[in-house]
Amino acid sequence: MNEEQQSLLLNSSSRFSPPQGVKLSYGTAGFRADASLLPSTVFRIGILAALRSLQTRSVIGIMITASHNKVSDNGVKIADPNGGMLSQRWEPFADALANAPSPQNLILLINEFVEKEGISLDGVGVVEVLLGRDTRPSGDALHEAAKQGVTSIVGAVATDMGILTTPQLHWMVRARNMGMRASEKDYFEQLSSSFRCLVDLVPTEKIKFDGVNDKVVVDGANGVGGVKLKDLGRLLNSLAIEVRNSSEDGGILNDGVGADYVQKEKVVPHGFGSKDAWIRCASLDGDADRLVYFIVPPESSGRIDLVDGDKILSLFALYIKEQLNFLNEKEDLNQARLGVVQTAYANGASTNYLKQLGLEVNFTPTGVKYLHEKAAEFDIGIYFEANGHGTVLFSESFIEWLEARTNKISSGSKDSEGEKAALRLLAVSKLINQAVGDALSGLLLVEVILQHMGWSIHRWNELYHDLPSRQLKVKVADRTAVVTTNAETVVVSPPGLQEAINEETDKYPQGRCFVRPSGTEDVVRVYAEASTQETADTLANSVAKLVDQFLGSN
């Protein structure tokens, strides 16, 4: 590190002192905390993003958001060149940077890291970091901290992309590194044009819903997603979208609203009630990377019928499998490999349904990074968590095949189902956000598939019925004493615990139970399913007692 670079870092970092007595850790969601604790961390993540950009010679992104957390919190995370999450190999460096006690320690850490990684800080050449933030009041000040962090590395430029959903920022990073235009206007244009293409390919006999099914009412969580969905909706003639709880309504972000609240509490969000009985309703989370649907039954007293991420995955899988079947009937195509990826928290009824469709169902440990990585192994990989976070991935080779196939189709001859299927799949690959889960693109794909099937939300919800389940937490002295395998479904340590769980589970019809250590606190999480709510509760409590016997909290 030359003198100019060292002086720049010392001067800028002296303006951002780390909070005393606070240790932050970079996880799947990046750093999250009360916004007042974050300026120095966000500044230092700006430095990290610039270094990552120098190493990869690619555009990197910084998103300032705390997703479904309360409005007084905020957070920061990195988007890597492919639009995905920061490489896990860099996470320890992120932790070390955030917790360095002084500018001098910071300089030592950076020097050591750039030498190890072979990153040159000679200032030759320009690299770029895209900055996005959600609607939180603390976002502007943290955006400025990130900008100062980026520009404290010689040759690094910070580009303000404005107020965005998290998936928009990830999409922009991916698009820029693929040589595509990547403004918000380009994002909206890609989603709306591919949606219109899919609508044009809906079978003519199923084009129009009737009565109550011709619009979708969306809870925007009083966050950035509601406003962006309104903007997107203006480009769509064939879909009526009513947005409530947009951040323009004066409501409080994530307070009694949003996908996280709706999915966990299974009650109507603020602004919804008996007037919405039987209407198709959906809910975004605070930064619009999660989506769930719900039905308000008449006289529900606030309770809802939840249509969660498992049901969204099932709908996508059914539609994509249908298109592949059309292709395989008509084309000289090596069977395209379609894979579905879930975690052990997916409801067992959804897994059984997917297997009955003849689909390959794979399980990974909990966490989006594991799901995404596994889904990328297929020609088409679909992953979702029950909380509504997920997407569809298409391999580059399969997209190239689809492009070659559709280029042969003249504009006037989309007659065969094989030709239409190729056009549909190519449009899906452009509509869905392949960088990360995206509630806006996911909502459009759900809506066009329902049109294609001629289905109401009730018909969709009847694909299968969830098995009753219960989740519990057991406090333990040391969560690392529990070691699991087989996508966290089998305990290998302490010895004997898994056998005891199996013995207990076998007592209950359709029983399934697993335990796994928390990633953040000294608790072990218990998940149980069975044929009735009462037996699921009993199984969960029995296994919680077993965990306590084997591990205890003393």
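The backbone N, Cα and C atoms fix where each Cβ goes, glycine too.
The model shown is predicted, which means the values in this text are computed figures rather than measured ones.
Range annotated as region 'Disordered' by TrEMBL, chosen from 1-20, 401-420, 501-520: 1-20.
Comparing CA positions across the binding-site residues Ser67, Asp285, Asp287, Asp289, the one lying closest to Gly519 (substrate binding site) turns out to be Ser67. Summed and averaged per residue, pLDDT over the domain 'Alpha-D-phosphohexomutase alpha/beta/alpha' (58-88) gives 96. Taking the binding-site residues Pro517, Gly519 in turn and counting surrounding C-beta atoms within 10 angstroms, the largest count is reached at Pro517. Where the domain 'Phosphoacetylglucosamine mutase AMG1' (182-292) meets the stretches 58-88, 308-455, 492-545, the count of C-beta pairs under 8 angstroms peaks at 308-455.
In the domain 'Alpha-D-phosphohexomutase alpha/beta/alpha' (128-178), the DSSP tally of helix, strand and coil residues is 25 helix, 14 strand, 12 coil.
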